[in-house]
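According to TrEMBL, the domain 'Major facilitator superfamily associated' annotation covers 10-486. Taken from TrEMBL, the feature region 'Disordered' applies to 518-539. Sequence annotations record features per position, and here TrEMBL assigns transmembrane segment to 12-30, 42-65, 74-93, 205-226, 247-268, 274-291, 320-343, 363-381, 388-411, 423-442, 485-502.
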Amino acid sequence: MVRLNRRLLPIKAHFFFFMAAMGPILPQLSVIGKQIGVPPDVMGYITAALPLLYVLAKPLVGFLADYFTSLRKFIFISLILIMTLAFAGFYFLPDNSHFIPLDEGSAQWNVTLLTNPNDCNTIIQSSNAFCQTTHQAKCIQEEKEVGEFSALIVANESGLNLNQNLLHGNESYHICLTQPAAIDWNSASCEVRHVNSCIYGAGKFWLFVCLLCIGIVGFNVTNSISDACCFDLLGDEEQEKYGAQRVWGTIGFGATAMLAGIVVNWWTTDAVKSLTPALIIMCVFSLLDLFSVSKLKLPKLGGSESIWSDVWQLVRKPPILVFLFFATMAGIIDSFIIYFMFWHLEQVAEATGYMHQIKLIEGLVVAAECLAGEVPFFFYSGKIIKKLGYVHCMSMCFFFYAVRLSLIAWIPNPWYLVGVELFFQGITYALCYTCIVAYASAVAPPGTSATVQGLMAGMDDGLGFSIGSLIGGLMFKSLGGRESFKYFAIAAICTCVAHIVIRPTSRKRQFLPRQGYVPPTEQEIKQPPAQEMEEIRLG
């Protein structure tokens, strides 16, 4: 009969409710940006810059949690509350309805010019409805691809009585020149985009950026503090049980992401108001999370007299620096998969004729990752790490990252990705993540657990994510999806080999300096800690 550990029930509840609150909102962040007119490339720059904030915020807030030990629960609750309020603020973003809808922030139009366009009248830009009726465009002659000109395209609803001199499909619009040009064509190809001043000069864009920064940083810092509190609750004797607590977060995230998708489709088809049910689900589970955190009984820990000094002495040691480097490499690989896997999937779908099923496939991929891929590996990760040790686990993760990336590059049609993610999400992301946070807990000097967790996580999903999204974006644009994933697979296998060569191969030589921590016991450490440390220093 399975015994329920009531002491760990609140932390299980926290992981479940916390990630359940994020399930409906995190996958929709780029969609929200698209709804207010943010172009995909600008959204990419934002997501590349955000992880740099994690690098600073995670160890800083971790330091505060370690320094003010009596206020740890207050800091924890405050972070969850701030994050929830920031994401809930998306409900108040102004409506971005436009009389010329652009589904992806831009569109390529083949148009017919009924009359030659003239220079734009000043009344167009001074109109109160300018941002709701006007787009900017760059056009070239459709056949010769010469003589590019810049223009504005204005909808009929502007109320300015402009002549309709452009035909696109069955709709007619007014087109005028923003720069003088000699135009004598009947047809053209135009790249149509939102007017820059209507996006970046509008308060809603900067409100969105601020809410996004506060919410995402709050989420990532809370995630790091959650791990530190979980390990503090487990103590030195039960470190391997971390995955059994964290698995409830995966279950919550997968369940509410699926629930929100169903409810949003049922609730309404309106682009902006469709966020309402997702935000309601988020707020409900955030309130439940606040209640569960209030019931946490965090142990009283001995504080460090000099937190920064202790942490600095730790990170100066070569084994820790090497580990931080490989944690960053794991973040680079993860970020490329997270940001570009679905983009590649949709390219494959377009090439193979599966676009009519793409949203169903993407939903099944997420379900396979969370509910089938991550759950067993989070649950058994402690036993796996105890059996193999941190070093061999990380090497194994990098090897399977290479296999996973190779298979993603190979998929002949989108349905294959469901099977790939089902079998490889757990042994790569779930096991690697657990290995990083567990090692951070194992090496953290007494009284510095939150600071060290923040530092390790900041290198993984902070610096690593920023580098990965930047490099991945450049590669994806120049090489395409398949080639980019192939090169990342090569990088992953090279990282695996480097990790095997550089990190110590014997579990006796794993760098675990914190007093009181019990390393894997299958190979008994015969020498006392002082001799082991001397061997590491000389070796």
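Here the Cβ of each residue, glycine as well, is placed from N, Cα and C on the backbone.
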Residues of the parent chain within Cβ reach of the transmembrane segment (363-381), under 8 Å, 6 or more residues beyond its termini: 27, 242-244, 246-247, 250-251, 253-255, 257-258, 261, 342, 345, 417-419, 421-427, 429-431, 434-435, 438
The transmembrane segment (12-30) in contact with the transmembrane segment (388-411), cutoff 8 A, at least 3 CB pairs, sep 6+: no
Averaged pLDDT, computed only over the residues in the domain 'Major facilitator superfamily associated' (10-486): 81
Beyond the flanks of the transmembrane segment (320-343) by 6 or more, those residues with Cβ under 8 Å of it: 44, 47, 51, 314, 362, 365, 394, 397-398, 401, 404-405, 408, 417, 429, 432, 436, 439, 443, 455-456, 459-469, 471-473, 476, 481, 484, 488, 491-492, 495, 499, 502-503, 511
Selected stretch (most C-beta pairs under 8 A with the transmembrane segment (205-226)) from 42-65, 274-291, 388-411, 423-442: 42-65
Close approaches to the transmembrane segment (388-411) from elsewhere in its chain (Cβ under 8 angstroms; 6 or more beyond its ends): 326, 329-330, 333, 337, 341, 344-345, 348, 417, 420, 424-425, 427-428, 431-432, 435, 438-439, 442, 481-486, 488-490, 492-493, 495-496, 499-500, 503-505, 507, 510, 519-520
Remote residues contacting the transmembrane segment (423-442) - C-beta distance under 8 A, at least 6 residues beyond either end: 227-228, 231, 239-240, 242-243, 246, 250, 323, 327, 330, 334, 368-369, 373-378, 381-382, 384-385, 390, 393-394, 396-397, 400-401, 403-404, 407, 449, 452-453, 455-457, 460, 512, 514, 517, 519
